[in-house]
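For reference, the structure is listed below as structure tokens.
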Amino acid sequence: QQRYLNAKRYVKLAIVADRSMVTKHNGKLKKLRKWIYRIVNTINEVYRSLNILVALVYLEIWSKEDLINVTSAAKDTLASFGNWRATDLLKRRSHDAAHLLTNIKFDGTTVGKAYVASMCQQDSSVGINQDHSKINLLVALTMAHELGHNLGMSHDVVNTEKQCNCGTCVMAPTISDQISKLFSNCSKNDYENFLTLYKPQCILNEPSKTDIVSPPVCGNELLEVGEECDCGSPETCQNPCCDAATCKLTSGSQCAKGLCCDQCKFSKSGTECRAAKDDCDIAESCTGQSADCPTDDLQRNGKPCQNNAGYCYNGKCPIMLNQCISFYGSNATVAPDICFNYNLKGEGNFYCRKEQATIFPCAQKDKKCGRLFCVLGPTGKRISCKNTYSEDDPNYGMVDLGTKCEDGKVCNSNRECVDVNTAY
């Protein structure tokens, strides 16, 4: 748990500057870009104390017209920006969070707004920020504050039960000229709770050099184009393989970090660098030619797993018993065959396939690839065939793809029970 909490995190940030920002900078896009690069450099500095690096991986400037309606109503603007990000931006460019920078003044004293504990979520990992000051640092601290909300942090309130021992930290409820670059204990606790509760996966992945669109800065701990390594400032760098002042490897070093870097040299070929997580995963070993561990590889689809209870499918071992337990708890088991006969009817929620409004009943041989049936506890003479469904998600409560439906057979994407050797 402590190792999970202490791991370095990387927020891959996309920033969108709207039309009002272009007007504010008199159409000088180079000047506007510089302004934004400075903002991101400051945000990265602020977050390094939490072992988080913030990298700008995408910058979009709406120089002709805004792609959403940016208004003084912050709540509405945030909602439309979140929707646009999910339906448009994410399809074009991979990133962890997107923030809008605008010169439109929001209602009241609001200078920014973001969804709380939303990092890595498709529709809510967003924030909006008003470019409210001539002082770059103050705008940067506003965006750092809104990003803090995405990472699960609430405002620092100074009251008796929640003494945050900081009136001017990043998550202070209102911005002031006294604001500091520090996080309060409350913010640190909020962030750790967010990591524990939500387990956001996307921020564990380090951006590659070529993903970062801002000019390289030696000493910001991010490995960028033109750098061989970056271990922070010469004062703080602890890495003997890297020359902090130049971001070049020290004499005789092959590497400065990586799962396959051992004392500044590439690990020997064959050294295991990532253990197999389970029987549908494969262990990876170093090549001897690189500091990086090869890409995480999975067992082939159809390989038997969990003592032949199932077959591997995309790195998982889907079996009906585990699906029942996930729906109904630990005393659930798979229902007897008689329950699965409901899937032969093709009525209501009992079927193998549904295309638009047309329902296709299961053939006898495919009945265990339709709706999943479970029972709770020991069954007497009367069997209660438990099943579940959702109006929003047609696959919810169905037997998972790749699940073993008979010996040597699995459910394919058409929900047919087919030979495991020809299914994939």
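Each Cβ is built from the backbone N, Cα and C atoms, and glycine gets one as well.
Per Swiss-Prot, the features are as follows:
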ACT_SITE  Glu146  active site
BINDING   His145, His149, His155  Zn(2+) binding site
BINDING   Val217, Asn220, Leu222, Glu224, Glu227, Asp230  Ca(2+) 2 binding site
BINDING   Asp281, Glu284, Asp296  Ca(2+) 3 binding site
DISULFID  Cys120-Cys202  disulfide bond
DISULFID  Cys229-Cys242  disulfide bond
DISULFID  Cys231-Cys237  disulfide bond
DISULFID  Cys241-Cys264  disulfide bond
DISULFID  Cys255-Cys261  disulfide bond
DISULFID  Cys260-Cys286  disulfide bond
DISULFID  Cys280-Cys312  disulfide bond
DISULFID  Cys305-Cys317  disulfide bond
DISULFID  Cys324-Cys374  disulfide bond
DISULFID  Cys339-Cys385  disulfide bond
DISULFID  Cys352-Cys362  disulfide bond
DISULFID  Cys405-Cys417  disulfide bond
CARBOHYD  Asn69  N-linked glycosylation site
CARBOHYD  Asn185  N-linked glycosylation site
CARBOHYD  Asn331  N-linked glycosylation site
MOD_RES   Gln1  pyrrolidone carboxylic acid
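Same-chain residues that are not part of Val217, Asn220, Leu222, Glu224, Glu227, Asp230 yet have a Cβ within 8 Å of the Cβ center of the Ca(2+) 2 site turn out to be Ile212, Pro216, Cys218, Gly219, Glu221, Leu223, Cys247. Ranking the binding-site residues Asp230, Glu284 by other CB atoms within 10 A of the CB puts Glu284 at the bottom.
Those residues of the chain, other than Asp281, Glu284, Asp296, with a C-beta within 8 angstroms of the mean position of the Ca(2+) 3 site C-beta atoms are Arg274, Ala276, Lys277, Ile282, Ala283, Thr295, Asp297, Leu298. Within 10 Å of its Cβ, the residue among the recorded positions Gln1, Asn69, Asn331 with the fewest other Cβ atoms is Gln1. Nearest by CA distance to Cys260 (disulfide bond), out of the binding-site residues Asn220, Leu222, Asp296, is Asp296. Apart from the site residues His145, His149, His155, the chain places the Cβ of Gly112, Ala114, Val116, Glu146, Gly148, Met153, Ser154, Val170, Met171, Pro173 no farther than 8 Å from the centroid of the site's Cβ atoms, the recorded Zn(2+) location. Sparsest Cβ environment among the recorded positions Cys202, Leu222, Cys229, Cys261, Cys312 (other Cβ atoms counted within 10 Å): Cys202. Cα to Cα, Asn69 (N-linked glycosylation site) and Asp296 (Ca(2+) 3 binding site) are separated by 42 Å.
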